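Asks: So Swiss-Prot lists the following for this protein:
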- 1-28: region 'Disordered' (REGION)
- 104-151: region 'Disordered' (REGION)
- 148-207: DNA-binding region (DNA_BIND)
- 208-261: domain 'CVC' (DOMAIN)
- 262-300: region 'Disordered' (REGION)
- 266-290: compositional bias 'Basic and acidic residues' (COMPBIAS)
- 304-317: motif 'OAR' (MOTIF)
- 313-361: region 'Disordered' (REGION)
Amino acid sequence: MTGKAGEALSKPKSETVAKSTSGGAPARCTGFGIQEILGLNKEPPSSHPRAALDGLAPGHLLAARSVLSPAGVGGMGLLGPGGLPGFYTQPTFLEVLSDPQSVHLQPLGRASGPLDTSQTASSDSEDVSSSDRKMSKSALNQTKKRKKRRHRTIFTSYQLEELEKAFNEAHYPDVYAREMLAMKTELPEDRIQVWFQNRRAKWRKREKCWGRSSVMAEYGLYGAMVRHSIPLPESILKSAKDGIMDSCAPWLLGMHKKSLEAAAESGRKPEGERQALPKLDKMEQDERGPDAQAAISQEELRENSIAVLRAKAQEHSTKVLGTVSGPDSLARSTEKPEEEEAMDEDRPAERLSPPQLEDMA
């Protein structure tokens with residue numbers, strides 16, 4: 001009995017050792033429970049109780065062998081040849097299932113799916129985070145490149161009133177007018193220039209809405225004249241002789257006249273432009289009323305008084321120079337007519353031809 005049982009025990013042990021060595025997979029250790037020792041758990045058949053015994057410690061191995069041996073209890077072991085024949089003779093399907101490659105590849109293949117998805121998800125999240133970082137960096141660079149916005153200037157009612165008055169007088173004020181406005185309104189000159197640009201744009205927009213194309217053309221011509229210091233065309237000046245309202249460019253002439261009046265007030269009115277435009281027509285005087293006529297008469301009186309004062313100053317200067325020069329000036333004045341008479345006598349003699357001289361002789 002003991003020999004046969006030893007052969008039966010030794011045979012599956014050798015087979016399991018050969019299978020474990022041929023498969024290349026190490027023997028897996030199990031617990032110390034009775035079910036695990038007897039192989040009653042739900043693990044695959046590869047975890048044979050004999051293979052589990054090989055992985056046990058020496059003390060536990062002796063105890064397990066004493067239990068499994070045929071002389072363990074009354075000469076008959078718990079596991080005899082007829083007790084559990086499945087542990088001694090393995091069927092073909094158990095041998096196929098006992099292959100370590102087939103056993104271990106399935107869980108690895110199953111686990112590879114979630115691992116791949118987790119890797120792709122992590123890579124996608126990294127790509128999204130990197131793209132977000134790039135976008136944030138580009139947005140920061142764009143904000144740095146942008147210029148800082150200047151605060152809008154808030155004009156007071158007094159400043160707006162003065163600016164509107166100046167705009168009604170001339171849409172293109174020169175440097176002198178802008179400096180005077182800066183002194184009045186206590187604003188910088190560049191702010192005044194920007195205000196005039198915006199006001200001109202607003203005026204053009206309003207005129208376009210009303211459909212005044214001729215006025216817009218005159219406005220563009222006036223702006224070019226002011227920028228490039230171009231005089232008024234002669235055709236416009238000739239048409240102004242009949243009257244500003246009857247001319248081909250009434251708005252342009254009115255603006256030009258306003259600029260001339262502003263220059264006259266500042267004392268920089270050119271003499272050529274004074275004679276270029278005629279005085280105001282009767283129609284304009286009637287439209288403006290008695291107040292405008294009184295203002296014009298006052299301006300004329302002022303100009304006349306200035307001219308009279310200049311004439312008196314010139315007369316006084318000539319008198320002073322005459323008194324300072326004294327008798328020298330008188331001698332020069334007496335010498336001049338004598339020289340003129342001598343020249344008159346010499347001139348006909350020079351002009352006479354020889355036959356005329358013979359006739360005279």
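Heads up, the Cβ atoms here are built off N, Cα and C, so glycines get one too.
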Asks: Restricting to the same chain and to residues at least six past its boundaries, which positions have a Cβ under 8 Å from a Cβ of the motif 'OAR' (304-317)?
Replies: none
Asks: Give the residue counts of the DNA-binding region (148-207) per reduced DSSP state, in the order helix, strand, coil.
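Replies: Taking the DNA-binding region (148-207) as a whole: 43 helix, 0 strand, 17 coil.
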